[in-house]
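Residues annotated as domain 'CMP/dCMP-type deaminase' in TrEMBL: B:5-131. Feature annotation from TrEMBL assigns region 'Disordered' to B:45-68, B:330-353. Residues or ranges marked as Zn(2+) binding site in TrEMBL: B:H54, B:C84, B:C93. What TrEMBL records for B:E56 is active site, proton donor. If you look up TrEMBL, you'll see B:58-68 marked as compositional bias 'Low complexity'. Feature annotation from TrEMBL assigns NADP(+) binding site to B:A165, B:W181, B:R195, B:T207, B:D211, B:T236, B:G279, B:P280, B:I281, B:I282, B:T283, B:A284, B:A285. What TrEMBL lists as substrate binding site is B:S179, B:L215, B:R218, B:E277.
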Number of protein chains: 2
Amino acid sequence: MLDAAEHRALRRALEIAADPAVPLGPNPRVGCVLLSPAGEILAEGHHRGAGTPHAEADALSQASSSAAGPSLRGATAVVTLEPCTHVGRTGPCADALIEAGIGRVVIARRDPNPVAAGGIQRLREAGIEVELELPEELAAAAAALNRGWEHGLQHARPLVTAKVALTLDGRAAAADGTSQWITGPAAREEVHLLRTTCDAVLVGTGTARVDTPTLTARRPDGTLHSRQPLRAVMGTGTAPSLPAVDGAGEELRLLTHDPSAALEELFSRGIRHLLVEGGPIITAAFLRAELVDELIVHLAPTLLGAGRAAVEDLGITTLVDRLDLDLVDASPLPSPGGPTDLRLTLHPRHRTA
Amino acid sequence: MLDAAEHRALRRALEIAADPAVPLGPNPRVGCVLLSPAGEILAEGHHRGAGTPHAEADALSQASSSAAGPSLRGATAVVTLEPCTHVGRTGPCADALIEAGIGRVVIARRDPNPVAAGGIQRLREAGIEVELELPEELAAAAAALNRGWEHGLQHARPLVTAKVALTLDGRAAAADGTSQWITGPAAREEVHLLRTTCDAVLVGTGTARVDTPTLTARRPDGTLHSRQPLRAVMGTGTAPSLPAVDGAGEELRLLTHDPSAALEELFSRGIRHLLVEGGPIITAAFLRAELVDELIVHLAPTLLGAGRAAVEDLGITTLVDRLDLDLVDASPLPSPGGPTDLRLTLHPRHRTA
């Protein structure tokens with residue numbers, strides 16, 4: 001069980017780990033807070049991406065360089081991820097905590113990486129108390145922090161979130177092709193925030209051609225968020241380059257129709273969480289291939305009765321073959337003065353899983 | 001303000017008013033509870049349909065015939081609807097309450113019927129205390145009790161609820177036409193309960209031909225609910241008679257494509273609340289004509305990618321002409337062991353309103 005100071009420290013460690021200046025991709029985001037036996041914060045540290053010190057090393061170095069130069073004997077380290085045991089740029093973090101005289105370590109998440117795991121055992125063998133039991137809410141936050149990275153370790157492909165905006169009757173555009181905007185300001189702002197939590201966004205050549213989207217993550221005032229996703233355009237059709245925007249993520253053309261091939265290429269470039277933003281043919285291709293892990297639907301309370309479907313042919317002809325999903329959440333997205341859209345979060349049930 | 005006894009009495013009055021043995025249609029459902037000055041229930045009464053005593057008369061007659069023969073001097077009458085002032089089978093109820101010596105009347109809902117209204121004024125002129133302020137929840141229940149009847153007085157046509165069951169991508173059936181069942185048991189049970197709250201259900205000839213629905217209101221065990229709606233089939237196409245079911249509502253053929261004409265005919269037959277159950281052409285026809293007051297969507301968390309649309313052509317070609325609705329409620333409909341459907345309640349925004 002965590003005491004109140006450890007509880008606060010873990011919240012803080014999760015917060016600094018999620019620093020938007022830190023890139024996503026193939027390294028986990030980790031935060032570390034060192035507490036005195038009396039529960040005062042002695043130092044904080046976090047990992048800032050490939051080639052930089054681990055969070056524990058960052059915090060230990062901050063503690064040793066501080067004017068007060070506090071002893072860490074009997075101190076508690078609160079970390080968002082199991083300390084590593086492998087020799088990287090700064091040596092195994094578990095050993096560094098042991099050498100520093102840390103007495104107790106609170107760990108929010110076990111390391112799913114077999115190369116790095118073993119920290120808990122090594123700490124315990126050194127006589128250090130290791131605490132793994134924490135409130136559900138904090139455990140969920142620690143799990144969410146690196147879900148793309150963890151997914152990559154387990155499945156050797158990026159986590160795929162697909163997002164669609166559609167009307168009550170499943171339309172993504174009216175009969176004449178007009179589609180801006182199906183949803184209201186709150187839903188559109190949420191899409192931009194979603195882009196900041198993914199390594200890459202992907203559209204098909206058709207969407208690139210017709211909508212010429214910038215695929216940047218913007219604030220309502222039009223300025224760019226500090227983290228920008230790679231911008232992937234998939235397909236063998238012709239499509240112009242995406243609009244050039246200062247500060248936007250790199251653009252990548254994926255000359256394939258095959259979602260597996262696209263994911264392989266993206267994974268090799270360090271992408272661990274992909275946001276598929278359509279159009280309907282691309283979304284259907286990922287769904288048919290059972291390569292969507294999470295579907296986010298922005299449902300607008302409007303009817304068109306005709307127009308482009310939001311999801312194209314899935315190769316399903318009869319009801320029993322339908323693609324079932326588990327509804328995880330349904331939340332209203334009210335826009336001041338406008339209509340209230342609905343955000344649905346769903347997990348496809350994979351038949352082959 | 002209501003005291004605790006009046007609060008309980010009003011709940012009871014609403015309950016007995018909604019007796020499922022009482023027909024819906026062109027008469028309001030009304031309940032009345034008489035309370036002693038000490039807050040004890042002296043008598044209850046409710047209206048049982050055209051040609052039967054009003055709720056107040058029913059309660060007064062029960063009180064006068066009871067063995068105890070309690071005096072009503074200074075008693076409180078708690079009624080779900082403003083007592084009438086017109087001479088019906090039993091004389092104006094307001095006068096009857098005055099003559100009985102009632103000292104206070106709690107009224108949950110004003111009578112929107114100009115022929116019957118005026119009861120509040122007459123009671124006050126007789127020196128009786130009239131209480132109209134009540135908790136929001138009870139006021140809403142009193143409003144809901146006769147919403148079809150009230151709608152008929154205000155608009156001279158039935159209240160129209162349309163219900164559609166569709167997939168996330170707006171399909172009502174798979175490409176081969178299979179449609180049973182898109183939604184789970186909880187949603188299907190809710191449809192049967194919805195039928196018991198309406199005077200009539202309506203489908204098109206296409207649905208009658210293809211699905212041969214019984215259009216009865218059934219419990220999960222297959223037995224019939226005590227109140228059964230009239231069963232209307234609309235359209236000029238050929239369609240067989242609906243399946244004969246003992247205890248089912250009357251069947252009515254409406255030989256028209258025009259929703260207004262259908263509503264006129266139904267209204268003349270006493271229908272005050274109609275449930276339009278499809279198919280997609282009929283639903284679209286009512287929506288296009290702006291004759292849907294409430295849309296209930298049972299949304300199944302599944303994708304088909306192809307197949308029959310749940311709503312057919314609305315005559316909309318471009319996005320700005322879309323039919324917007326206000327999302328009033330979104331609630332999950334979990335079925336044990338099955339998928340969780342979503343019930344959306346929406347109110348179309350009528351351009352001509």
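Glycine is treated like the rest: Cβ placed from N, Cα and C.
Any TrEMBL annotation is an automated prediction that lacks curation.
Keep in mind that what you see is a predicted model, and the values were worked out from it rather than measured.
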Listing the binding-site residues B:S179, B:R195, B:R218, B:G279, which lie under 8 Å (Cβ to Cβ) from chain A?
B:S179
Please work out the number of neighbouring Cβ atoms within 10 Å of the Cβ of B:L215 (substrate binding site), leaving out its own Cβ.
27
Entries of B:H54, B:E56, B:C84, B:C93, B:L215, B:R218 which, being recorded positions, have CA atoms within 10 angstroms of B:A165 (NADP(+) binding site):
none
Using Cβ atoms only, which residues of the same chain lie under 8 Å from B:I281 (NADP(+) binding site) while being at least 6 residues apart in sequence?
B:G204, B:G206, B:E312
Can you name the binding-site residues among B:H54, B:C84, B:R195, B:D211, B:G279, B:A285 whose CA is within 10 A of the CA of B:S179 (substrate binding site)?
B:D211
Pick out which of the recorded positions B:E56, B:D211, B:E277 has the most other Cβ atoms within 10 Å of its own Cβ.
B:E56
What count of other C-beta atoms do you get within 10 angstroms of the C-beta of B:H54 (Zn(2+) binding site), across all chains shown?
28
The domain 'CMP/dCMP-type deaminase' (B:5-131): mean pLDDT?
90
Going by C-alpha distance, which of the binding-site residues B:H54, B:C84, B:C93, B:R218, B:E277 is nearest to B:D211 (NADP(+) binding site)?
B:E277
In terms of DSSP three-state secondary structure, what is the assignment for B:E277 (substrate binding site)?
coil
B:A165 (NADP(+) binding site) CB neighbourhood, other CB atoms within 10 A:
22
B:S179, B:T283: which of these binding-site residues has the sparsest Cβ neighbourhood within 10 Å?
B:S179
Ranking the binding-site residues B:C84, B:C93, B:A285 by other Cβ atoms within 10 Å, which is at the bottom?
B:A285
For B:R195, B:R218, listed as binding-site residues, tell me which one has the smallest number of other Cβ atoms within 10 Å.
B:R218
Let me check the 10 A CB neighbour count of B:G279 (NADP(+) binding site). How many other CB atoms are there?
23
